[in-house]
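**Q** Feature list, courtesy of TrEMBL:
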type	residues	note
SIGNAL	1-20	signal peptide
ACT_SITE	D91	active site, nucleophile
BINDING	D91, D378	Mg(2+) binding site
ACT_SITE	D93	active site, proton donor
BINDING	D93	GMP binding site
Amino acid sequence: MAAAARSLLAARALPAVAAAAAGGAAPYCTVARQQRRPPPDMRSYLWSRYREAKRVTKELVPSIMSNMLNPDAIFSNNEMSLSDIEIYGFDYDYTLVFYSKHLHTLIFNAARDLLINEHRYPAEIRKYDYDPNFAIRGLHYDVHRALLMKIDAFHYIQLGTVYRGLSVVPDEEVIAMYDGSHVPLEQMSDFYGKSSQGNTMKQFMDIFSLPEMTLLSCVNEYFLKNNIDYEPVHLYKDVKDSIRDVHIKGIMYRAIEADIEKYICYAEQTRAVLAKLADHGKKMFLITNSPSSFVDKGMKFIVGKDWRDLFDVVIVQADKPNFFNDKRRPFRKVNERGVLLWDKIHKLQKGQIYKQGNLYEFLKLTGWRGSKVLYFGDHIYSDLADLTLKHGWRTGAIIPELRSEIKIMNTEKYIQTMTWLQTLTGLLEHMQVHRDPDSQMILEEWKKERKEMREMNRNFFNAQFGSLFRTDENPTYFLRRLSRFADIYMASLSCLLNYEPDYTFYPRRTPLQHELPGWSDQLCTGTFRIPFLQETVQIK
């Protein structure tokens, strides 16, 4: 409820604060419009409105801060009642199990060494270490130009977030390269975020992709700093193959199994979540791309030796997203020694582990269809997209970054900055009608301040790329896909412990742009005491 209250308060108050301080201009409030000449001293007039807007905004901050967001809440994109859910499904990595910061360093170092030892890259790249604060998930990479960037829901590049190597690319250069800042649909990544069939962009949606983005940027940086001519497409493929081999060749799996306490975080209450669901008679299954022995050791560590007793079906090395689309691959049973058996599978039995298979055979053998199934995963494409679009399952996204971002959003500094940024934007919108030189000079000062505040806002989250969920005003491309493919989303499965098994999640009704006047009209009737509502400005 705190999130809803803050959203409602901001939606109602901020546009009206700007309109009020600006003089109550439409479209935000319905007031009597009088034709008046602008004040003779525009500088005094505009700065008085600026100061008044700042005062009102400052008074508004405590009200917003009284409604803190809950980092352990579950957020809904689509109405869903847990009372309708009979079967719960889970991915393994970053869903049932979370990893420590050491894992990404391991992946980065192992892939870097593979580049040197197997792809004959210069040994000097070994001087680059993994920086956990460089990249964020959801970024796009232009394979042909070797540029890492953040793109919004409308395919626009967020200027100031385009990196060649470890250095930001000037806005003017980005605009020249792309004839603006828009990326055409045919250049964007394909449905699963991949660069294929003519798509020049790759989107990194996997949490495991953070070391990959950093390694790409470091090697690019080395080549650029040393004036080495190279083919960006070959670099992208070599890094991708090296990251893949860290998984495929078992480098990552062996390292984790050898030191589970170093790499696996025990504190995410996975067993408590599974036990609660089991106590309420829910069926559960696991579908993961990870291998059998790796999953078994991890689950024994975080859940216990009896972990298989909690699951009705366990499927490993499923090869998602192909698992959800390929009808040809049959299931194979894995025995206690990890040996694949040749028996034909007529039933998926509790306590057994199965490899490969496909969802169509899974549905045939279990009968678990439609909206009574809720599946959780961290990869929006590989885990969730096909399930919601093709099979009608309900979906839950695990977004670990959500918890840290909400904690930042709850800070007084962030609230003050964002509240004033939105108010200042409203002032600019309303005062742009004044075209005299003095007014235009002041508006340019405000625009400069607004640009600086937007950069400050980005730095709250990540100095290079900002928030996972927003560009400046728009949702990111990542959030667009999250909103489409996930019914609910949360920081971790432990958030389920805060809700009863019959709880209904309702998406918050946030006002659309054309609905804002209706929401703000209430302010004109005295909900908030904002001065200057009866003043008007002359529209020239």
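Even glycines carry a Cβ here, placed using N, Cα and C.
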**Q** Just the number: how many Å between the Cα atoms of D91 (active site, nucleophile) and D378 (Mg(2+) binding site)?
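**A** Computed Cα spacing between D91 (active site, nucleophile) and D378 (Mg(2+) binding site) is 8 Å.
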**Q** How many Å lie between the Cα of D93 (active site, proton donor) and the Cα of D378 (Mg(2+) binding site)?
**A** 8
**Q** Let's check the environment of D378 (Mg(2+) binding site): how many other CB atoms sit within 10 Å of its CB?
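**A** Its Cβ shell of radius 10 Å holds 23 other Cβ atoms.
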**Q** How many other Cβ atoms are found within 10 Å of the Cβ atom of the residue listed as 'active site, proton donor', counting all protein chains shown?
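**A** For the residue listed as 'active site, proton donor', the 10 Å Cβ neighbour count is 21.
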